[in-house]
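Handing you a structure now.
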Amino acid sequence: MKSTEQDSNSSTLTNRQGHPISDNQNIRTIGNRGPSTLENYHFIEKISHFDRERIPERVVHARGAGAHGYFEAYGTVGGEPVSKYTRAKLFQEKGKRTPVFVRFSTVVHGGHSPETLRDPRGFATKFYTEDGNWDLVGNNLKIFFIRDPLKFPDMVHAFRPDPVTNLSNPERMFDFVSNSPEATHMITFLFSPWGIPANYRQMQGSGVNTYKWVNSGGEAVLVKYHWEPVKVEIKNLTQAEAEQIQGKHTSHATQDLYEAIERGEYPEWELCVQIISDDEHTELDFDPLDPTKLWDHEKFPFLPVGKMVLDRNPENYFAEVEQVAFGTGVLVDGLDFSDDKLLQGRTFSYSDTQRYRVGTNYLQLPINAPRTHVATNQRDGQMAYHVDRGAGQNPHVNYEPSSLGGLKEAAPSGKEHEPAYNDKLVRQKIDRTNDFGQAGDTYRKFENWERDELIANLVNALKVCHPVIQRKMIEHFTNADADYGRRVAEGLASAGGQAGTSDSNREGAAAAAKSGQRTDGY
Ligand code: HEM
């Protein structure tokens, strides 16, 4: 990134007006005991800038670390030229490099919270392509808790500390989750060791939502994106391992990333896509647009399209990692949205929050600005740093269309992708919700130690929850897999959890789970 600080041959301290400062220790006062005077320009500038050093934290994903690097395309996908599926320029040519900036994060807690918490990890990548920026805003886990964006603010509130006590309490999270059965699959991952990646280098990434690729003929396919780490193993932590690290260090993942890059051990991932035709796929028992579902990679193989290497640490954490702004709407030609509702909700939310968090002109900051031609008729606003004017543009014409030397629309780069719609406007769930099937598959695919950890972590969290919540959760787990539900119920019983303090309670819970009936009232 280009530094916005002026290089200077002199190490003389100045203020921001360029005035040399000869005394940075004493404010001006009437006599050396005070009082002070109001014209202390240097002091007032210094303290008032300090007073404004913080901007609002990200409302989620506040805790993060980042690095620069590059993406290198393979030019093919599954043995075919990539142009068969997408015209996006960054993928076309074997060996073509595109600069990137990546920010990793945790989700729920604040900017200095420990990096050992059980939480999804963010994995957001900004590609500075010749066609403008592309942001792939993903997580380490391949699925999500919910499928409708209307539920996102409630979900985040439930996962956060109590608004009265400011204390974290799993009852809040499980209250929401037990009433949102679509979260069962994500909870199964989150409470297993997959909920605490060992660091940022040894984890996967995924775009989670379904997107489209569009070729030069305007034809689309559905795609999911995945980052697979190379040269290192994927590594997750048990709860006990995480607690041990947390006892000594709250920034272990930031440190690991920074130091690996300083040592020249550059983290690397391969970008893979899963591709399916752009239709409803009624042969599947789930909807391919549903972000709570995996696309089985035995059926839909991971096809590598390029690799990413992170080889440079930020020079300024605030200017780069804190002010970087990613969004799911930031796509380049040849990439498109799918009809996934969650994706569409996200696409509004990101730039909305960034206009508030960073400011109206956040796209003029060096970390966010495209490294290509930018020419708009958008003007002014807080902290406008320059005018996004075209090279030959008449400076008086800040509107379009015009015959007086204003900006002109670009020529189309290919045939437009024009999906057709004919349906009622409704508020409805999708048809193929299948909330538990894949949660059960995932449970059965875990290794024994992962299943043991999952059960222990769930029991530990659920034992402080209200019995009605415990029972609903046991019901969901049983719907996923009978053994899963039974083990959580038994674990709660022997932990003296409220649902299982006596044998009759335990049987009651198991019976409730089996029959899908609740055994108590509110
Ligand atoms: C950050 C909204 C779902 C990944 C954010 C931010 C918002 C947000 C407002 C803060 C952005 C900023 O301040 O710059 C939403 C909404 C969602 C949703 C409304 C669902 C309706 C997801 C999902 C994923 C995800 C499914 C994973 C694929 C991320 C990441 C960041 C983030 C990685 C941090 C980006 C960074 O490092 O700056 N999200 N999100 N979000 N979100 Fe989401």
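For all residues, glycine too, the Cβ spot is worked out from N, Cα and C.
Automated prediction, rather than curation, is the source of TrEMBL annotations.
What TrEMBL lists as region 'Disordered' is 1-35, 401-420, 492-522. Annotated domain 'Catalase core' per TrEMBL: 14-408, in sequence order. TrEMBL lists His61, Asn139 with the feature active site. Residues annotated as heme binding site in TrEMBL: Tyr350.
So where do these features actually land, and what's packed around them?
Cβ environment of His61 (active site): Ser105, Thr106, Val107, Gly122, Ala124 lie under 8 Å away, each six or more residues apart in the same chain.
Reduced to three states, the DSSP call for Asn139 (active site) is strand.
According to its DSSP assignment, Tyr350 (heme binding site) is helical. Sequence-distant neighbours of Tyr350 (heme binding site) (same chain, six or more apart, CB under 8 Å from its CB) are Val137, Ala325, Phe326, Gly327, Thr328, Gly329, listed in sequence order.
Counting same-chain residues at least six beyond the ends of the region 'Disordered' (401-420), those with a Cβ under 8 angstroms from any Cβ of the stretch are 87, 212, 214-220, 278, 333-334, 336, 339, 375-377, 390, 392-394.
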Ten-angstrom check, please: count other Cβ atoms within 10 Å of the Cβ of Asn139 (active site), all chains counted.
23
Can you give me the average pLDDT across the domain 'Catalase core' (14-408), rounded to a whole number?
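The predicted confidence over the domain 'Catalase core' (14-408), as a mean pLDDT, is 96.
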Which residue counts does DSSP yield for the region 'Disordered' (401-420) in the helix, strand and coil classes, in that order?
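Here the numbers are 0 helix, 0 strand, 20 coil.
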